[in-house]
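K.L.:
Below is one structure. I have some questions about it.
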Amino acid sequence: MRIGILTGGGDCPGLNAVIRAVVRTSAGRYGSTVVGFRDGWRGLLEDRKVPLDSDDRINRILTRGGTILGTARVNPDKLRAGLDQIKQTLDDNGIDVLIPIGGEGTLTAASWLSESGVPVIGVPKTIDNDIDCTDVTFGFDTALAVATDAIDRLHTTAESHQRVMLVEVMGRHAGWIALQAGLASGAHLTLVPEQPFDVDEVCAMVKKRFQRGDSHFICVVAEGAMPDPASMTLREGGIDEFGHKIFTGVAQQLGNEIERRIGKEVRTTVLGHIQRGGTPTPHDRILATRFGVHATDAAHRGDFGQMVALHGTSIDLVPLAEATRKLKTVPKERYEEAAAFFG
Ligand code: F6P
(Lines of atoms letter the chains of each structure in order from A and count residues from 1; the text may use other names and numbers.)
(Lines give C-alpha, C1' and ligand atoms only; values in the text may rest on other atoms or scores of the structure.)
Protein backbone atom coordinates (compact mmCIF):
# COMPACT_ATOMS: atom_id res chain seq x y z
CA MET A 1 0.00 0.00 0.00
CA ARG A 2 1.10 3.59 -0.67
CA ILE A 3 -0.04 6.15 1.90
CA GLY A 4 -0.08 9.92 1.37
CA ILE A 5 0.27 12.20 4.38
CA LEU A 6 0.05 15.97 4.89
CA THR A 7 -0.12 18.46 7.74
CA GLY A 8 -2.54 21.38 7.23
CA GLY A 9 -3.59 24.57 9.03
CA GLY A 10 -1.66 26.15 11.90
CA ASP A 11 1.22 24.00 13.14
CA CYS A 12 1.10 22.33 16.52
CA PRO A 13 3.48 20.36 18.76
CA GLY A 14 3.12 16.64 18.02
CA LEU A 15 2.70 16.75 14.22
CA ASN A 16 6.11 15.15 13.68
CA ALA A 17 5.27 12.40 16.16
CA VAL A 18 2.25 11.44 13.99
CA ILE A 19 4.33 11.46 10.80
CA ARG A 20 6.96 9.24 12.45
CA ALA A 21 4.31 6.83 13.77
CA VAL A 22 2.61 6.50 10.36
CA VAL A 23 5.94 5.86 8.58
CA ARG A 24 7.21 3.36 11.19
CA THR A 25 3.92 1.47 11.48
CA SER A 26 3.43 1.34 7.71
CA ALA A 27 6.91 0.02 7.05
CA GLY A 28 7.34 -2.22 10.09
CA ARG A 29 3.87 -3.74 10.37
CA TYR A 30 2.67 -3.78 6.75
CA GLY A 31 5.65 -3.23 4.42
CA SER A 32 3.86 -0.14 3.02
CA THR A 33 5.42 3.12 1.87
CA VAL A 34 4.53 6.71 2.77
CA VAL A 35 4.72 9.85 0.64
CA GLY A 36 4.55 13.26 2.34
CA PHE A 37 2.95 16.24 0.59
CA ARG A 38 4.43 19.62 1.41
CA ASP A 39 2.66 22.63 2.92
CA GLY A 40 -0.74 21.08 3.53
CA TRP A 41 -3.24 20.89 0.67
CA ARG A 42 -0.98 23.11 -1.44
CA GLY A 43 1.39 20.17 -1.87
CA LEU A 44 -1.44 18.18 -3.41
CA LEU A 45 -2.67 21.08 -5.54
CA GLU A 46 0.86 21.61 -6.88
CA ASP A 47 2.16 18.02 -6.69
CA ARG A 48 5.02 18.81 -4.29
CA LYS A 49 6.05 15.76 -2.35
CA VAL A 50 8.77 14.08 -0.36
CA PRO A 51 9.29 10.31 -0.02
CA LEU A 52 9.22 9.22 3.62
CA ASP A 53 10.61 5.75 3.09
CA SER A 54 14.01 6.34 4.61
CA ASP A 55 14.68 6.43 8.32
CA ASP A 56 16.82 9.56 7.81
CA ARG A 57 13.73 11.68 7.33
CA ILE A 58 11.98 10.60 10.51
CA ASN A 59 14.85 9.88 12.89
CA ARG A 60 14.77 12.08 15.98
CA ILE A 61 11.63 14.00 14.94
CA LEU A 62 9.50 12.66 17.81
CA THR A 63 10.48 15.50 20.10
CA ARG A 64 10.63 18.25 17.51
CA GLY A 65 7.87 20.90 17.33
CA GLY A 66 6.43 22.17 14.04
CA THR A 67 6.17 19.84 11.05
CA ILE A 68 8.90 18.49 8.77
CA LEU A 69 6.38 18.63 5.89
CA GLY A 70 5.56 22.31 6.30
CA THR A 71 2.00 23.54 6.55
CA ALA A 72 -0.27 26.25 5.18
CA ARG A 73 -3.75 27.63 5.56
CA VAL A 74 -5.79 27.41 2.36
CA ASN A 75 -9.01 29.29 1.73
CA PRO A 76 -11.84 26.68 1.83
CA ASP A 77 -13.41 27.94 -1.44
CA LYS A 78 -10.10 27.55 -3.28
CA LEU A 79 -9.77 24.09 -1.80
CA ARG A 80 -13.24 23.04 -2.92
CA ALA A 81 -12.49 24.31 -6.40
CA GLY A 82 -9.24 22.31 -6.40
CA LEU A 83 -10.65 18.91 -5.35
CA ASP A 84 -10.28 17.45 -8.87
CA GLN A 85 -6.65 18.55 -8.99
CA ILE A 86 -6.05 16.96 -5.59
CA LYS A 87 -7.55 13.68 -6.82
CA GLN A 88 -5.41 13.85 -9.95
CA THR A 89 -2.21 14.26 -7.87
CA LEU A 90 -3.21 11.32 -5.69
CA ASP A 91 -3.79 9.17 -8.80
CA ASP A 92 -0.57 10.30 -10.47
CA ASN A 93 1.38 9.27 -7.38
CA GLY A 94 -0.42 5.95 -6.91
CA ILE A 95 -1.70 6.93 -3.46
CA ASP A 96 -4.12 4.32 -2.05
CA VAL A 97 -5.15 6.27 1.03
CA LEU A 98 -4.56 9.80 2.30
CA ILE A 99 -3.94 10.69 5.96
CA PRO A 100 -4.44 14.45 6.44
CA ILE A 101 -3.44 15.73 9.88
CA GLY A 102 -5.16 18.99 10.75
CA GLY A 103 -7.77 21.06 12.49
CA GLU A 104 -11.29 22.07 11.47
CA GLY A 105 -10.38 23.38 7.99
CA THR A 106 -8.16 20.44 7.03
CA LEU A 107 -10.57 17.82 8.36
CA THR A 108 -13.54 19.47 6.61
CA ALA A 109 -11.65 19.27 3.30
CA ALA A 110 -10.80 15.65 4.16
CA SER A 111 -14.50 14.98 4.64
CA TRP A 112 -15.33 16.50 1.20
CA LEU A 113 -12.66 14.31 -0.40
CA SER A 114 -13.99 11.25 1.35
CA GLU A 115 -17.56 12.02 0.16
CA SER A 116 -16.23 12.18 -3.39
CA GLY A 117 -14.84 8.65 -3.09
CA VAL A 118 -11.21 9.21 -2.03
CA PRO A 119 -10.00 6.84 0.75
CA VAL A 120 -9.16 9.19 3.64
CA ILE A 121 -8.43 8.85 7.37
CA GLY A 122 -8.19 12.10 9.33
CA VAL A 123 -5.98 12.82 12.34
CA PRO A 124 -7.15 15.74 14.52
CA LYS A 125 -4.63 18.32 15.77
CA THR A 126 -4.93 21.75 17.29
CA ILE A 127 -3.63 23.57 20.31
CA ASP A 128 -7.14 25.05 20.63
CA ASN A 129 -8.69 21.64 21.47
CA ASP A 130 -11.83 22.58 19.56
CA ILE A 131 -12.29 19.47 17.39
CA ASP A 132 -15.49 17.65 18.23
CA CYS A 133 -15.87 13.89 18.90
CA THR A 134 -12.45 13.48 20.54
CA ASP A 135 -11.78 14.05 24.24
CA VAL A 136 -8.69 16.08 23.42
CA THR A 137 -6.32 16.92 20.56
CA PHE A 138 -2.54 16.74 20.79
CA GLY A 139 -0.85 20.13 20.99
CA PHE A 140 -3.32 21.33 23.59
CA ASP A 141 -1.38 19.95 26.55
CA THR A 142 1.80 21.67 25.36
CA ALA A 143 0.05 25.01 24.81
CA LEU A 144 -1.59 24.69 28.22
CA ALA A 145 1.76 24.04 29.89
CA VAL A 146 3.28 27.11 28.20
CA ALA A 147 0.33 29.33 29.14
CA THR A 148 0.25 28.06 32.74
CA ASP A 149 3.96 28.65 33.19
CA ALA A 150 3.60 32.19 31.81
CA ILE A 151 0.70 33.01 34.15
CA ASP A 152 2.59 31.58 37.16
CA ARG A 153 5.38 34.02 36.32
CA LEU A 154 2.99 36.94 35.92
CA HIS A 155 1.57 36.32 39.42
CA THR A 156 4.86 37.16 41.12
CA THR A 157 5.56 40.35 39.20
CA ALA A 158 1.92 41.51 39.44
CA GLU A 159 2.03 40.94 43.20
CA SER A 160 5.20 42.95 43.62
CA HIS A 161 3.76 45.97 41.80
CA GLN A 162 0.10 45.57 42.92
CA ARG A 163 -0.96 45.57 39.29
CA VAL A 164 -3.73 44.23 37.13
CA MET A 165 -2.22 41.81 34.62
CA LEU A 166 -4.10 40.67 31.55
CA VAL A 167 -2.72 37.71 29.63
CA GLU A 168 -4.06 36.92 26.17
CA VAL A 169 -3.92 33.30 25.07
CA MET A 170 -4.90 31.66 21.78
CA GLY A 171 -8.43 30.49 21.07
CA ARG A 172 -10.39 32.41 18.48
CA HIS A 173 -13.59 30.38 18.69
CA ALA A 174 -13.08 28.19 21.77
CA GLY A 175 -11.72 29.14 25.17
CA TRP A 176 -10.16 25.82 26.25
CA ILE A 177 -6.62 27.14 26.71
CA ALA A 178 -7.88 30.15 28.68
CA LEU A 179 -10.23 28.09 30.83
CA GLN A 180 -7.73 25.40 31.76
CA ALA A 181 -4.71 27.71 32.13
CA GLY A 182 -6.81 30.00 34.32
CA LEU A 183 -7.78 27.08 36.56
CA ALA A 184 -4.26 25.65 36.67
CA SER A 185 -2.63 28.95 37.58
CA GLY A 186 -5.24 30.35 39.97
CA ALA A 187 -6.25 33.31 37.80
CA HIS A 188 -8.78 35.76 39.29
CA LEU A 189 -10.87 35.93 36.11
CA THR A 190 -10.97 34.10 32.78
CA LEU A 191 -12.71 35.43 29.68
CA VAL A 192 -13.65 33.04 26.86
CA PRO A 193 -15.32 33.49 23.45
CA GLU A 194 -18.31 31.40 24.58
CA GLN A 195 -19.38 33.85 27.34
CA PRO A 196 -19.61 37.57 26.48
CA PHE A 197 -18.24 39.72 29.31
CA ASP A 198 -19.43 43.03 30.72
CA VAL A 199 -16.58 45.52 31.18
CA ASP A 200 -18.33 47.24 34.11
CA GLU A 201 -18.57 43.88 35.89
CA VAL A 202 -14.88 43.20 35.22
CA CYS A 203 -13.95 46.65 36.63
CA ALA A 204 -16.16 46.11 39.69
CA MET A 205 -14.43 42.77 40.33
CA VAL A 206 -10.98 44.34 40.06
CA LYS A 207 -11.91 47.20 42.41
CA LYS A 208 -13.42 44.86 44.98
CA ARG A 209 -10.32 42.70 45.02
CA PHE A 210 -7.99 45.62 45.71
CA GLN A 211 -10.41 47.14 48.27
CA ARG A 212 -10.27 43.79 50.11
CA GLY A 213 -6.53 44.32 50.41
CA ASP A 214 -5.44 41.78 47.80
CA SER A 215 -2.17 42.50 46.08
CA HIS A 216 -2.93 41.88 42.42
CA PHE A 217 -5.42 40.78 39.80
CA ILE A 218 -4.69 38.28 37.02
CA CYS A 219 -7.14 37.93 34.16
CA VAL A 220 -6.73 35.35 31.37
CA VAL A 221 -8.30 36.50 28.11
CA ALA A 222 -8.87 34.17 25.15
CA GLU A 223 -8.09 36.05 21.94
CA GLY A 224 -11.69 35.48 20.77
CA ALA A 225 -13.32 36.73 24.01
CA MET A 226 -15.98 39.33 23.23
CA PRO A 227 -17.37 42.11 25.40
CA ASP A 228 -21.09 42.62 25.58
CA PRO A 229 -21.45 45.38 22.90
CA ALA A 230 -23.44 47.51 25.35
CA SER A 231 -20.40 47.67 27.67
CA MET A 232 -17.55 48.21 25.15
CA THR A 233 -16.97 48.36 21.39
CA LEU A 234 -14.00 46.37 20.10
CA ARG A 235 -11.90 47.52 17.15
CA GLU A 236 -11.99 45.02 14.28
CA GLY A 237 -8.74 43.44 13.11
CA GLY A 238 -9.53 41.82 9.75
CA ILE A 239 -11.14 38.69 8.33
CA ASP A 240 -10.00 35.08 8.78
CA GLU A 241 -9.79 32.37 6.07
CA PHE A 242 -13.43 31.43 6.67
CA GLY A 243 -14.60 35.01 6.14
CA HIS A 244 -15.24 35.63 9.89
CA LYS A 245 -14.34 39.01 11.42
CA ILE A 246 -11.27 38.94 13.69
CA PHE A 247 -10.92 41.27 16.65
CA THR A 248 -7.22 41.47 17.42
CA GLY A 249 -5.78 42.82 20.65
CA VAL A 250 -8.81 42.14 22.84
CA ALA A 251 -6.75 42.02 26.04
CA GLN A 252 -4.94 45.27 25.22
CA GLN A 253 -8.23 47.02 24.46
CA LEU A 254 -9.79 45.71 27.67
CA GLY A 255 -6.69 46.75 29.63
CA ASN A 256 -7.00 50.31 28.29
CA GLU A 257 -10.66 50.38 29.32
CA ILE A 258 -9.91 49.16 32.85
CA GLU A 259 -7.22 51.82 33.28
CA ARG A 260 -9.52 54.51 31.90
CA ARG A 261 -12.53 53.48 34.00
CA ILE A 262 -10.95 52.79 37.40
CA GLY A 263 -7.48 54.33 37.14
CA LYS A 264 -5.67 51.14 38.12
CA GLU A 265 -2.29 50.31 36.58
CA VAL A 266 -2.66 47.52 34.00
CA ARG A 267 -0.08 45.52 32.04
CA THR A 268 -0.96 43.22 29.15
CA THR A 269 0.96 40.19 27.87
CA VAL A 270 0.07 38.49 24.59
CA LEU A 271 1.50 34.96 24.51
CA GLY A 272 0.84 34.45 20.79
CA HIS A 273 2.72 31.82 18.84
CA ILE A 274 4.97 30.86 21.77
CA GLN A 275 2.05 28.60 22.67
CA ARG A 276 2.35 26.75 19.37
CA GLY A 277 6.11 26.34 19.04
CA GLY A 278 8.69 24.07 20.62
CA THR A 279 8.88 20.60 22.04
CA PRO A 280 5.64 18.69 22.66
CA THR A 281 4.96 17.49 26.22
CA PRO A 282 5.16 13.72 26.86
CA HIS A 283 1.32 13.63 26.83
CA ASP A 284 1.21 15.13 23.34
CA ARG A 285 4.02 12.92 22.00
CA ILE A 286 2.19 9.83 23.22
CA LEU A 287 -1.27 10.88 21.96
CA ALA A 288 0.13 11.90 18.55
CA THR A 289 2.02 8.60 18.28
CA ARG A 290 -1.07 6.57 19.19
CA PHE A 291 -3.15 8.52 16.65
CA GLY A 292 -0.53 7.74 13.98
CA VAL A 293 -0.48 4.01 14.75
CA HIS A 294 -4.30 3.75 14.76
CA ALA A 295 -4.68 5.80 11.57
CA THR A 296 -2.23 3.45 9.82
CA ASP A 297 -4.03 0.35 11.09
CA ALA A 298 -7.37 1.82 9.92
CA ALA A 299 -5.85 2.52 6.49
CA HIS A 300 -4.80 -1.11 6.12
CA ARG A 301 -8.20 -2.38 7.31
CA GLY A 302 -9.94 -0.11 4.78
CA ASP A 303 -11.85 1.88 7.44
CA PHE A 304 -12.06 5.04 5.32
CA GLY A 305 -13.92 8.31 5.87
CA GLN A 306 -13.06 8.20 9.59
CA MET A 307 -11.09 10.29 12.07
CA VAL A 308 -9.04 8.83 14.91
CA ALA A 309 -10.25 10.07 18.29
CA LEU A 310 -9.44 9.68 21.98
CA HIS A 311 -12.30 8.41 24.14
CA GLY A 312 -11.20 7.86 27.72
CA THR A 313 -8.04 5.83 27.27
CA SER A 314 -8.98 4.20 23.94
CA ILE A 315 -8.38 5.40 20.42
CA ASP A 316 -11.55 4.94 18.34
CA LEU A 317 -12.73 5.93 14.88
CA VAL A 318 -15.52 8.47 14.28
CA PRO A 319 -16.98 9.47 10.90
CA LEU A 320 -15.23 12.57 9.52
CA ALA A 321 -18.61 14.07 8.61
CA GLU A 322 -19.72 13.85 12.26
CA ALA A 323 -16.45 15.18 13.71
CA THR A 324 -16.52 18.27 11.46
CA ARG A 325 -20.19 19.20 11.95
CA LYS A 326 -19.42 21.72 14.70
CA LEU A 327 -16.58 23.00 16.85
CA LYS A 328 -16.18 21.76 20.41
CA THR A 329 -16.55 24.89 22.51
CA VAL A 330 -16.45 25.38 26.29
CA PRO A 331 -19.84 24.36 27.78
CA LYS A 332 -21.52 26.76 30.20
CA GLU A 333 -21.17 24.34 33.12
CA ARG A 334 -17.40 24.10 32.66
CA TYR A 335 -17.15 27.90 32.69
CA GLU A 336 -19.30 28.04 35.82
CA GLU A 337 -16.97 25.57 37.54
CA ALA A 338 -14.07 27.93 36.90
CA ALA A 339 -16.17 30.93 38.00
CA ALA A 340 -16.07 29.57 41.58
CA PHE A 341 -12.53 31.04 41.69
CA PHE A 342 -13.27 34.42 40.10
CA GLY A 343 -12.93 37.66 42.04
O1 F6P B 1 -4.01 26.88 15.55
C2 F6P B 1 -5.11 27.66 15.88
C3 F6P B 1 -4.65 29.01 16.27
O4 F6P B 1 -3.66 28.77 17.19
C5 F6P B 1 -5.68 29.97 16.85
O6 F6P B 1 -5.87 29.90 18.22
C7 F6P B 1 -5.11 31.31 16.43
O8 F6P B 1 -6.10 32.26 16.34
C9 F6P B 1 -4.54 30.99 15.10
O10 F6P B 1 -4.10 29.67 15.17
C11 F6P B 1 -3.44 31.91 14.64
O12 F6P B 1 -2.73 31.31 13.62
P13 F6P B 1 -1.90 32.00 12.47
O14 F6P B 1 -1.27 33.19 13.05
O15 F6P B 1 -0.93 30.94 12.08
O16 F6P B 1 -2.86 32.31 11.37
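Backbone N, Cα and C atoms are what each Cβ position is placed from, and that goes for glycine too.
If you look up TrEMBL, you'll see 2-298 marked as domain 'Phosphofructokinase'. Under the heading ATP binding site, TrEMBL lists Gly10, Arg73, Val74, Gly103, Glu104, Gly105, Thr106. According to TrEMBL, the Mg(2+) binding site annotation covers Glu104. Residues or ranges marked as site 'Important for substrate specificity' in TrEMBL: Gly105. Annotation comment: TrEMBL describes Thr126, Ile127, Asp128, Arg163, Met170, Gly171, Arg172, Glu223, Arg267, His273, Ile274, Gln275, Arg276 as substrate binding site. What TrEMBL lists as active site, proton acceptor is Asp128.
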K.L.:
Quick test of your reading of the structure: among the binding-site residues Gly10, Glu104, Asp128, whose CB sits under 6 A from ligand 1?
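P.N.:
Within range of ligand 1: Gly10, Asp128.
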K.L.:
Below 8 Å Cβ to Cβ and six or more residues apart, same chain only. Which residues does that give for Gly105 (ATP binding site)?
P.N.:
Gly8, Gly9, Arg73, Val74, Pro76, Glu241, Phe242
K.L.:
Relative to the Cβ of Thr106 (ATP binding site), which residues of the same chain, six or more apart in sequence, are found under 8 Å away?
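P.N.:
Expected: Leu6, Gly8, Gly9, Gly40, Trp41, Pro100, Gly122.
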K.L.:
Whose Cβ lies within 8 Å of the mean position of the Cβ atoms of Gly10, Arg73, Val74, Gly103, Glu104, Gly105, Thr106, the ATP site, other than those residues?
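P.N.:
My list of surrounding residues reads Gly8, Gly9, Gly40, Gly102, Glu241.
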K.L.:
Return the single residue from the binding-site residues list (Gly10, Gly103) that has the minimum number of other CB atoms within 10 Å.
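P.N.:
Comparing Cβ neighbours within 10 Å for the binding-site residues Gly10, Gly103, Gly10 has the fewest.
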K.L.:
Cα-Cα, whole number of Å: Arg172 (substrate binding site) versus Glu104 (ATP binding site)?
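P.N.:
Pair distance, Cα basis, whole Å: 13 Å.
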K.L.:
Would you measure the largest Cα separation among Gly10, Arg73, Val74, Gly103, Glu104, Gly105, Thr106 for the ATP site and round it to whole Å?
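P.N.:
Between the most distant Cα atoms of the ATP site, 12 Å.
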K.L.:
Restricting to the domain 'Phosphofructokinase' (2-298), what is the model's mean pLDDT?
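P.N.:
For the domain 'Phosphofructokinase' (2-298), the model's average pLDDT rounds to 96.
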K.L.:
Long-range neighbours only, meaning 6 or more apart in sequence with Cβ under 8 Å: which ones does Ile274 (substrate binding site) have?
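P.N.:
Listed in sequence order: Val146, Ala150.
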K.L.:
Among the binding-site residues Glu104, Asp128, which residue has the largest number of other Cβ atoms within 10 Å of its own Cβ?
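P.N.:
Per the Cβ count within 10 Å, the most buried is Asp128.
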K.L.:
Give the sequence-ordered list of residues that share a chain with Met170 (substrate binding site), lie 6 or more positions from it, and have CB atoms under 8 Å from its CB.
P.N.:
Ile127, Asp128, Ala143, Ile177, Ala222, Glu223, Leu271, Gly272, Gln275, Arg276
